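See structure below.
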Amino acid sequence: MSITKEFDTITAISTPLGEGAIGIVRLSGTDALAIAQSVFKGKSLEQVASHTINYGHIIDPKTGTIIDEVMVSVMLAPKTFTRENVVEINTHGGIAVTNEILQLLIRQGARMAEPGEFTKRAFLNGRVDLTQAEAVMDIIRAKTDKAMTIAVKQLDGSLSQLINDTRQEILNTLAQVEVNIDYPEYDDVEEMTTALLREKTQEFQSLLENLLRTAKRGKILREGLSTAIIGRPNVGKSSLLNNLLREDKAIVTDIAGTTRDVIEEYVNIKGVPLKLVDTAGIRETDDLVEQIGVERSKKALQEADLVLLVLNASEKLTDQDRALLNLSQDSNRIILLNKTDLEQKIELEQLPDDYIPISVLTNQNINLIEDRINQLFFDNAGLVEQDATYLSNARHISLIEKAVQSLEAVNDGLALGMPVDLLQVDLTRTWEILGEITGDAAPDELITQLFSQFCLGK
């Protein structure tokens, strides 16, 4: 996908393929109205007012056959998402009808849009910057209301504003350094001393480091916590999974070894998306299929952000239990003593003090798991502060870290007594790195790669 501006007219189906109440086929470009009009029987789309919805029929211009009864939205440039003429054909939902209309539009001169091309045009035409474009996809992929809140704030420009303001301050500082170098005789320009440059770079660094502190929370809310449910066979792992999901997605029986693979599900725990991984019971076994499941379970444990270790409170600790306690001790772990509704035989004195007694059968203390997750990952603070700007995108986090390193290089140079003018390089690099976040200084290959991750029709 080229990153140069293109003025051909593109089209794509913007709703998921399948049966539904409506389907939407979108057009964007200079000829959007003319192409839509060529297959539309109703009002003249080229004469109706912008941002209106118009009733009519889609017809095959060759045969005159009616394809569907539709409502057509007309939006004229520049007051559209792409800042081009946009037409959206609202059809009855269905694979056949939307595909037929799409093919008609292509035959009439539109080009099939590439993934993310509508949003790419919005970026190229200055409607959104790169962080806002990425926020569009984050909204689509948000699994909880908290993740959606962060994405909407980013789409609204909160992160862009912070980055742009910081870049402007850095640019002002660079300009002041340049004036001092080129025109040292000017008395009305504040001298950029070593002390003043140190003060400014420390101010920039502090701001970016504060932003980085939001990254852990933001990334969790955006991507979720990979959560491994581990334990020896038949201690209630799958029952716990089903309890958290509130539906029967895993096989639950009284036969040890019935979970022979890794089952993954997402669940919303107080606004935090947990990617729950129900692992096969980790034990020695001669069953080849079960052995594969056990190996996958060990891998899931190593990669997990959170480990829920389930023990059977109605039985004494086994060697397998002790092995799992040792295996998971360096993880963010919550120990769950299940089956507390039965007579307890487990040796509590051999366990860490932070276990939670639960009964999946009676739902006892399941809510405490949510509280412990909040304690482990958010220090019991609220998940999202309404006025805060959060980093949640791995690309943004990496670039902010690089920008901080560049500022540290400036401060290190100042500490070594380097002349102010020699430190311009690192300060300029900081300015360029921040520009990659918003797209002002992003390489063409990066922009192409980012938009290729979008879905068709967006």
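For all residues, glycine too, the Cβ spot is worked out from N, Cα and C.
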Same (6S)-5-formyl-5,6,7,8-tetrahydrofolate site per Swiss-Prot - residue from Arg26, Arg107, Arg167, Arg429 joining Glu88, Arg127, Lys458: Arg26
For (6S)-5-formyl-5,6,7,8-tetrahydrofolate: widest Cα to Cα gap among Arg26, Glu88, Arg127, Lys458 in Å: 19
List of residues, in chain order, with Cβ under 8 A from that of Arg26 ((6S)-5-formyl-5,6,7,8-tetrahydrofolate binding site) and at least 6 apart: Thr11, Ala12, Ile13, Ser14, Val86, Val87, Glu88, Ile89, Ala113, Phe118, Gly457
Overall pLDDT of the domain 'TrmE-type G' (224-378), taken as the mean: 75
Greatest C-beta neighbour count within 10 angstroms, which of the binding-site residues Asn234, Ser238: Ser238
Integer Cα-Cα distance in angstrom, Lys237 (GTP binding site) to Lys458 ((6S)-5-formyl-5,6,7,8-tetrahydrofolate binding site): 40
